[in-house]
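Chemist: What Swiss-Prot records for this protein is below:
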{"type": "BINDING", "residues": "596, 600, 700, 704", "note": "Zn(2+) binding site"}
């Protein structure tokens, strides 16, 4: 469709705004300044607010949040509480909250759900990591920023306001803050994002963009656009930029983090840098419109020329301060990430949090900050307490996770040096892909890789090329920022697409009913489709019900597009239009109800024991056992498991009612928060809420007991770490728990009988046996070492010269451990050892001066694998044949 948007609004006509075309960038804009020839934005105009605040008073960040919110509240907008910075709490297409409108996507913007208020105002903290490498360097970039926004959702039935009022509100806010109205320009522009589009204004003053006013009214379809039912006012005001412009500080960082910056400077012993230098750098950064760090070296050169200083001297002077700026920004970002419950891991939002944290720790090391990161974040929490008290409520978790992650970081760095050294043996260049692989798979920062490679190059034995891009962390973050739907590999046959009415689910209204009558709508393959059913279809982690239809077994129940498919053993017994009698296997259903209710109970108990940060990432409810996957930053201890189990059974014994109600989506979120989505994102404007009174509330479509007392005894059977940052708890209920305890008891009794001791003596006896075994093992290892030393002398004369190396290929009697001990004694310098025993075991080990990979060698002379310095496997050829192959390899 052809779009011709008229950017003229009522305010422009009333006040005499003129439409002009910028002489620098050719963009069209509106201004009250008749003499203006440029649009006002950088790089067409430089920052003119640095050292010269543009508002009638200086505002702190907290004051600006309040001023913005109060202004729009006075204009009839209802203030709405911020959402978490973890967008995954309510949507499954992005990980982090990147804009205020993301809070209302996809449910409100699609028209499926009404907005909680209309119009509304929100000050939403957002996180974008696509500029993380620019933070600290350009003077304006932030990873975490607050998007102030007023939104209006206009429909056919409810119209609020559109372009005229939006521009009027913006201009009035500028005047209220004391900004000279002649300096304000409205640039005509176009916005696209998330599949939507619309015209917009970029609102500029003194060289800086303070707001964007978007009028979302189209859907992008290929290369064309379609109108959408809602006309959405989507504005974004940069709260931090307003505060910066009101203070006129050299960079945005001083306006936000002055206390933190001063303490970090003092701690690191960084001398004061002339404010003019930082102001010049920020101003030139604006003029260059820096959006990638490839331009930063050019920026540094321009600043050096402008102030008459050598570029290397300038770099040495301001780099430490830029690191401090970045640390200040990153620690605020981490405060929101961890405060909103992100658990560091190697995937998804946990990966991004760990990336920011490790980058911060690396910068702290680089400039020698002795303060702990916990102390810095504690300062940030205190400074934000007035506006975000909920972050301070998570302080204990935040401090614990920082402790845990800092230890992991140190271990990673220590281990990483060896990994890089081994990689470097067979490399002439460490590429960007290598750097990303080392970071993603092993957590090794690129700076550590470069340090190790530089050390190798200094030794002069070989030269390895390496270049670490200035925007490395941006590249890595962008690969992980967008949520990609997990590929689910189904073992079930794909259900057909059918045009029949959705199945009425009777178990919502009649959870204890066992029998029902229904009409057959259709039969397809082995499936019967009914107009109504009591059978629960597999979903939400819960297994399907089983039972009978007219006495014919129902062995599987699935759902697609609201239609329930009942798999029967004899489809010929059913015809369209028949009335059938359905009967549930109640014993099977009861087990599922108990285990599903137990999932909610254990999740609540785990939250009390481990903290509010835990989040359900998955569950599986079967008849015999259930399992619950939750985020947590360390292994759950034995004591914690016992406490979770104790609290869970306390909830059971407390006979808490389990209530099921259907609620409006907005009402549910407002009343209970986003924790209702623990079981996953639920579509629709109406949610089924399961509430265990005073214990747990979730949006859930499964079957549950009506009272916790019906669950029976809950036994946590085991925990395991299924991935970094995710713990799995496996449990049973009722008679299932009794059976599991009986199995454990049998193991205990059988073990005691084997040892001929009473049950209560088992731990003590096993401990004694283990200590004795360790002593014997130590003795055996010492004997093996001595044997190895003796054999060393026997084999010393059997080395043969092949190229630059001395090679030993020998068949030796002994266990793999004994052969390893012999090889350890012989593999030094330029010696290459190949040992075989009578059981076809093959061992290859090299001295430190041998460059040939043992992993590659063993693949050529046998079968096996290992590392570059040591490989093990099997052989099938004779000693002579193996020797000949090695000779050919070494004498190429």
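From the backbone N, Cα and C atoms, a Cβ is placed for every residue, glycine too.
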Chemist: What is the one among the binding-site residues 596, 600, 704 whose Cβ has the most other Cβ atoms less than or equal to 10 Å away?
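Modeler: Answer by Cβ density within 10 Å: 600.
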Chemist: Determine which residues of the same chain, besides 596, 600, 700, 704, have their CB within 8 A of the center of the CB atoms at the recorded Zn(2+) site, and list them by sequence.
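Modeler: Surrounding the site, in chain order, are 597, 599, 658, 690, 698, 702, 703.
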Chemist: So what sits near residue 700 (Zn(2+) binding site) in its own chain, CB-to-CB under 8 Å and at least six residues off in sequence?
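Modeler: Sequence-distant Cβ neighbours: 540, 600, 679, 688, 689, 690.
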Chemist: In which DSSP state, out of helix, strand and coil, do we find residue 700 (Zn(2+) binding site)?
Modeler: coil
